[in-house]
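Feature annotations, courtesy of TrEMBL:
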- Lys4, Lys5, Trp6, Val7, Arg8, Arg134, Leu135, Gly136, Tyr137, Gly138, Gly139, Gly140, Phe141, Tyr142: ATP binding site (BINDING)
- Ile50, Glu55: substrate binding site (BINDING)
Amino acid sequence: MNEKKWVRERIKSKLSLLESEKRTSYNQGILQQLQQLDEWKSANTIATPISFRDEVDTYELLTKAWEQNKTIAIPKTDFSTKEMSFHVITSLKELEYTKLGLLEPRSEEYRVTSSEIDLMIVPGLAFSKENGTRLGYGGGFYDRYLNDYTGPKISLAFPFQVIPTVPSEKHDVKVDKIVCPLQVITYK
Ligand SMILES: Nc1ncnc2c1ncn2[C@@H]1O[C@H](COP(=O)(O)OP(=O)(O)OP(=O)(O)O)[C@@H](O)[C@H]1O
Ligand SMILES: [Mg+2]
């Protein structure tokens with residue numbers, strides 16, 4: 001098993017073992033910390049993944065953003081080209097399940113360009129405490145997209161997802177900040 005795969009499996013297992021009370025308090029802490037950031041406060045348009053399975057929850061984040069009159073854009077993936085596009089939604093009803101079980105915008109409409117995104121919430125399984133290197137699920141979708149994105153890139157993580165170093169390759173794009181339940185780790 002290669003090194004990236006090994007770390008992915010280890011963190012996935014920890015995510016699945018996180019007990020529900022702790023998960024709830026971690027999620028609340030992360031959302032609180034995120035909302036303190038200038039990047040959040042000043043952003044009009046926020047791009048965020050819809051959390052799935054045991055990941056840090058992003059549903060509450062959507063509610064908060066909408067309450068604060070922010071615009072939310074959600075990724076839509078194209079597995080044939082391995083590209084992602086971001087589309088504005090105003091309600092969860094505008095999402096549908098893909099064949100792979102991901103929730104994505106139903107419509108190809110309301111697409112935003114990368115320069116219209118003021119804050120990118122970047123998903124990931126593990127992050128390097130040393131320098132913000134991130135390890136995703138292995139599709140390379142975010143690494144490709146982030147090549148042309150110049151705005152702030154912030155990840156949300158449970159404490160055990162931040163580890164001393166993560167295996168990385170040249171194409172891996174780092175994040176600027178990692179928001180944890182009790183602290184924000186800043187690289188840029
Ligand atoms: N900018 C890029 N251009 C072309 N191929 C890329 C690029 N970035 C990553 N890839 C390819 O994508 C594949 C998966 O990369 P990697 O293992 O880093 O995924 P990941 O970071 O876990 O996934 P994601 O970015 O979707 O979260 C690799 O084979 C890699 O060569
Ligand atoms: Mg990568």
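Every residue gets a Cβ built from N, Cα and C, even glycine.
Under 6 Å, Cβ to nearest atom of ligand 1: this is the test, and of the binding-site residues Trp6, Arg8, Ile50 it is passed by none. Annotated pair Gly139 (ATP binding site) and Ile50 (substrate binding site), C-alpha to C-alpha distance, rounded: 16 Å. Following the DSSP three-state reduction, the secondary structure of Phe141 (ATP binding site) is helix. Each residue contributes its Cα atom, and for Phe141 (ATP binding site) and Ile50 (substrate binding site) these two points are 15 Å apart. Around Lys4 (ATP binding site), taking its Cβ as the centre, 18 other Cβ atoms fall within 10 Å, counting all chains. Neighbour counts of Cβ atoms within 10 Å were compared for the binding-site residues Tyr137, Phe141, and the top value is held by Phe141. In sequence order, Lys4, Val7, Arg8, Ile11, Gly124, Leu125, Ala126, Phe127, Val166, Pro167, Ser168, Asp172 are the residues near Leu135 (ATP binding site), counting only same-chain partners six or more apart with C-beta under 8 A. Within its own chain, Glu55 (substrate binding site) has Leu15, Pro123 as residues 6 or more apart in sequence whose C-beta sits under 8 angstroms from its own. Under DSSP, Trp6 (ATP binding site) is assigned to a helix (H, G or I) in the three-state scheme.
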